Structures are given as C-alpha cells and as structure tokens.
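**Q** Below are the features I grabbed from TrEMBL:
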{"type": "TRANSMEM", "residues": "45-67", "note": "transmembrane segment"}
{"type": "TRANSMEM", "residues": "88-109", "note": "transmembrane segment"}
{"type": "TRANSMEM", "residues": "213-233", "note": "transmembrane segment"}
{"type": "TRANSMEM", "residues": "240-260", "note": "transmembrane segment"}
{"type": "TRANSMEM", "residues": "388-410", "note": "transmembrane segment"}
{"type": "REGION", "residues": "500-521", "note": "region 'Disordered'"}
Amino acid sequence: MSSARVDYIAPWWTYWLHNFPHINLRFQPIDNSFQPEEENYQQSLIFLGCVAAAGLGLNLLCLAIYLSCLCCCRKDDEEESKKPNSCCVTWSAVAAGLITCVAVGVGFYGNSETNDGVYQLTYCLYNANHTLSGVDSLTTGTMGSMKSGLHQHLARLDEIFATRGDYVQTLQFMQQMADNVIKQLLGLPDWEEAKVDLASIADQTAKIEYYRWLTYLLILILDLIICLLACLGLAKQSRWLLTTMMVFGVLTLILSWTSLGADLAAAVGTSDFCIAPDKYLMSQTKGIISADIVHYYLYCNQTLSNPFQQPLTIFQRSLTTMQIQIQGLLQFAVPLFPTAERDLMGIQRLLNSSEVSLHQLTALLDCRGLNKDYLDAMVGVCYDGVEGVLYLCLFSILAACAFTVMLCAIPRAWRQIACRERDYDDIDEEDPFNPRVRRIASQNPNHTNMHSFCSYSSSMGSQNSLHPPAPAVSNAPVSEYMNQTALFGGNPRYENVPLIGRGSPPPSYEGHLSVHDGGTE
C-alpha cells in the first residue's frame, strides 16, 4: 500500500475522530491539535474516558432499576407455575450468545489489526534508527581517520620531505583538503542532539503493545467463557452457576466500559496526530535540526533540493584532489625517498576507505529511505492501528450489550427454577405419575417392586382375615360397588394397576367375584 503512495494522506476515520469535541475537565472547548504536552489537551482525552464512565454508571443504574422491578413486581406463584414465561429467557440467552460471539470475532480482528499497525511502527522506527546511527558512525569514523590517521602520516612525511620544499607544499595542501573535509562533515546534522533515541522508543512501544495485546486476548477469552458457562447454567438449571456468572458478568461489564473509554481516548489522540504529523514533528525538531532538512525528509519531492548536496560535493572533490596528489608523490617522490612509500600507501588506503564511506553516507542521507520509513510508520499507525482500535471500541460496545442482556435474563431464569422446585415440593409423593417418584423408581427398581408386592400381600391378608356375610346380588351403581370394594379390604388405588406379573387378581376384583357367586347360588 505504501509503495503506491506518493505522499501521506490521512484516512477518513481519522478526520471523523479528529472532529470529536475536545473539552477539558472544566467543560471548556479547546483546540483539537495534537499537543500531548499541554495540560488542557490531556484533560480532553481524560474527559472521553469520563464519558465512558458515565455510560457505565447509567448502565448499572438501569440494571439496578430492572432488578428492583423484577423483585418487587412478582406475579402470583400459582399463575406463574401454570404458565412459565421461559420463552423470554430463552430468546434473551440466544441473543446474548450471538452478540457475544460477534463481539469476540470483532475483538480478535481489531486486536490483530492494532498489533499489526504497532509492529509496523516499531519496525520503521528500528529502520530509521539504523539509518541515523549509520550516518553518525560514518561521519564520526571519517572525521576520526582524517584527524588522527591522516595527521600522523602527514607529520612523518613532512620530516622525510624536509629537504624538498615543493613536496612539503603538497603535504600542506593535502592538510587543507583534510580540514575542508572535516569542516563539511561537521556541517551535517548531529542526530544525537535531538535527544531522541528511536531504538528505546521502539523497545518501549513494543513492550507496551505486547502487554496490551495479551490483555485483550485474555478479555476476549474471558467473555467467551462467561457466556458459555451462563448458557450451561441455563441449560442445567443450576442456580449457583447462574449466580456466579452474574457476578462475573457485572465485572466484565465494568471492564468493557473501561476498555471503551481507554480505546476511545487512544483513537482520538492518535487521530489528532495523524491529521498533521508533519506539523508536530517540525515543532519537536525546531531549534535542533534545520527546518529545511526536516522538510526534505518528510516530503521528499523532486522539486526540493538536497540540503546535503553541497557538503557532499565538496567532500568528493577534496578526496579526489588528495588522491591525485598522493598518486603524484608515489610516482615522483618514492624513487627519491623510499622510506616515504609506507606513509603514502597508508594515506591512499585511508582516502579509499573515506571514499567508500562517502558513497555510503550519500545513500543514507538520501531522503527516500527515511521518507519510506516515515510513510510506512504513518500507514501502520493511522490505517491499521486506528482502524483496529475502532474495532476494539465496537467490541467493547457489543460486549456491554451482550452482558447487559445476560444480566437481565439470569434473574428471570433463577426465579423460574425456584418456582419449579416449589411446584415439585407441592406434588403428592405417593402419586405414581409424580416425576420425582419416577426418578426414584428408575434409580432403585428393587425398592419399587418390593413396595408393590407388600401392598398386594397386605391386601390379600386383610381379605382372608375378614369373612363378611354374602350380600344379595343387585345391580348396584358404581358408588355402591366402590363401597363394597372398600368394605372387603380392597384398595381402589390399585384398581388401574396392570395385571402383568401378579399371581392373583386385585382384592377388590376377588371380593366382587365372591359376592357375585354367592348371589348366584
């Protein structure tokens, strides 16, 4: 993306964030220019965090009012047990789960985009620091070799050529050329005077970004786990799990609003910088580095003249002149003064290394390298970085909505579970259609069979012990038949029990047969 760009253009979302109202803590509007050292500008960013805190307070207030209404405005228990309103809880849980999944997906994407942008920034800072360090090292090394190495060689040659005035004059001219080279190198900007160590800034930025990325990763995982456990508690109808998830839901809600305030302040502050980064950099380097040099690196247009062209040209010409002089001395002076060959060859090697340093210095001082690092850094921060922070803000909003819905659904589910348990307690335990009795029977089938056998045996024993007189046969109604059954020890509870596995008919049926037979006889 940066390779196709001729100049830096801020994205549209940075203009949108830049137009946010900048208000200090005294509720006074201030200038929205990026001024991190100004107290009012710092207060304007803190004010955005306070807006998120106000949103958190309003959210908690609404939840408190909702829970109060839910506790105070209760329906009749019988009506609620007959018509359980579980549809609202189910759809609320589904909505909270879907919103949480969307929020976590958005959060992962935003966290990755922000990390990519910051990584690109640190990479460009390391490259720029490598370039500036290379310029400083080449400049210092060349000046050191000119001052110390060349001066020693020229001092020894001056003693050797003491008898030849023309050779001594040549050596003096070379000393002037060396001083001229040193003068031109001293005219180059000293980047260390800016008191900005780009490598340390990159290290601190990478460290902070690592902990930020890890924190958001843990928040995303925590949100997903809380949502899954809340759904599990609703499915299992576990009140203790729902209560625990409700507590964690409140904490996560607070964390979501807190992250929203921090992300919003960071996005607005970074957007203020992205609108006019050159203006801020010019103000920071004012009085330390020439404005022409900063302008040359920030824009790097073909129409701009290279501020280093003149000193580098003088450097090149001085080296060429010195090399010509050394070649003449090697050709004409060495046959007369053989001892001078060693120092002349040393000077020639020094000039050759200085020429190599000159080519490297010319390449490093060219604006294209540092300007590319500058543009890539701006793209990383203002495009990927701010875009990722906006997605993280969206994640915080969606997470707050999801946990708000979840906190509204859990108390209703908790009440429904409590009502169902009360309904189970009110059911007759001797009712064979009671679900609790069925569960007990399925867990202990031997106990159920023993109970039925004892009931039948006791009924049969009571029937054998009684010998009532045989009543007359009559077409009695059903109520009279039930009275006869109870009289002869029959148990109407077992009239509808299937006859599978029984050795004899029910006692009431035997009593009915005896009465019928007596009447026939």
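Using the three backbone atoms N, Cα and C, a Cβ is placed for every residue, glycine included.
Nobody curates TrEMBL annotations by hand; they come from automatic prediction.
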**Q** Going through 45-67, 88-109, 213-233, 240-260 one by one, which has the most CB pairs that fall under 8 Å from the transmembrane segment (388-410)?
**A** 88-109
**Q** Mind pulling out the one from 45-67, 213-233, 240-260 with the most Cβ pairs under 8 angstroms to the transmembrane segment (88-109)?
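**A** When the Cβ pairs under 8 Å are tallied, 213-233 comes out ahead.
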**Q** Any residues 6+ beyond the ends of the transmembrane segment (213-233) with a Cβ under 8 Å from its own?
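**A** Tertiary neighbours of the transmembrane segment (213-233) are 93, 96-97, 100-101, 103-104, 107-108, 111, 114-115, 241-242, 244-245, 248-249, 252, 255, 259, 392, 395, 399, 402-403, 406, 410, 413.
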